[in-house]
Amino acid sequence: MAPTLLLLLPALAGLISVAQGQAFHLGRCPTPPVQENFDVHKYLGRWYEIEKIPVSFEKGNCIQANYSLMENGNIKVLNQELRPDGTVNQIEGQATQSNLTEPAKLGVKFFQLMPTAPYWVLATDYENYALVYSCTTIIWLFHMDHVWILGRNRYLPPETVTYLKDILTANNIDIEKMTVTDQVNCPEF
């Protein structure tokens with residue numbers, strides 16, 4: 001057992017260095033309840049990122065996502081951000097509803113060779129806000145959280161943000177590292 005742990009330590013140290021700034025925790029992923037009676041058709045359209053737990057692949061501001069239905073029944077995901085140099089960075093992926101008994105548990109994939117990542121809609125009223133959670137368990141010992149608070153507009157009232165953060169804390173999801181996404185003076189993409 002000890003030699004196995006010694007082999008894992010460098011790998012774990014590498015994971016921790018890659019995950020700096022991200023929400024990296026001991027133990028397996030929490031399993032919070034998702035939005036009941038989720039209707040993906042009402043969810044489609046443009047969402048603006050209001051707050052998030054920082055992720056290595058989002059470096060800009062004015063971050064937004066646009067969801068549209070594809071002919072094959074999957075959901076096209078187009079994420080866009082404004083880079084510090086003024087250029088627009090975008091990435092396109094697909095989301096699928098793999099569990100029809102829990103339609104708010106989607107999976108999203110941006111690259112063919114990458115695994116599908118969880119995309120769980122914990123709460124939404126479809127017209128104003130959405131709370132999205134993603135978590136990956138790493139070798140049964142650690143997990144990495146991703147959280148996004150989204151709005152149909154670039155601004156959400158503070159009481160709505162507090163309500164959504166309360167959902168997270170009630171489900172043992174750490175919100176300490178959440179940051180506000182700059183949505184001021186943003187161009188239309």
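Positions of Cβ are set from backbone N, Cα and C atoms, glycine also.
Here the candidates are CYS135, CYS186, and Swiss-Prot names CYS186 as the disulfide partner of CYS62. Cα-Cα distance from CYS135 (disulfide bond) to ASN99 (N-linked glycosylation site): 17 Å (rounded to the nearest whole number). On a Cα basis, CYS29 (disulfide bond) lies 18 Å away from ASN99 (N-linked glycosylation site). Comparing Cβ neighbour counts within 10 Å across the glycosylation sites ASN66, ASN99, the minimum falls on ASN99. The Cβ of CYS186 (disulfide bond) has ASN61, CYS62, LEU82, ARG154 as same-chain neighbours under 8 Å, each 6 or more residues away in sequence. The two recorded residues CYS29 (disulfide bond) and ASN66 (N-linked glycosylation site) have their Cα atoms spaced 27 Å from each other. DSSP assigns CYS62 (disulfide bond) to a strand segment in the three-state reduction.
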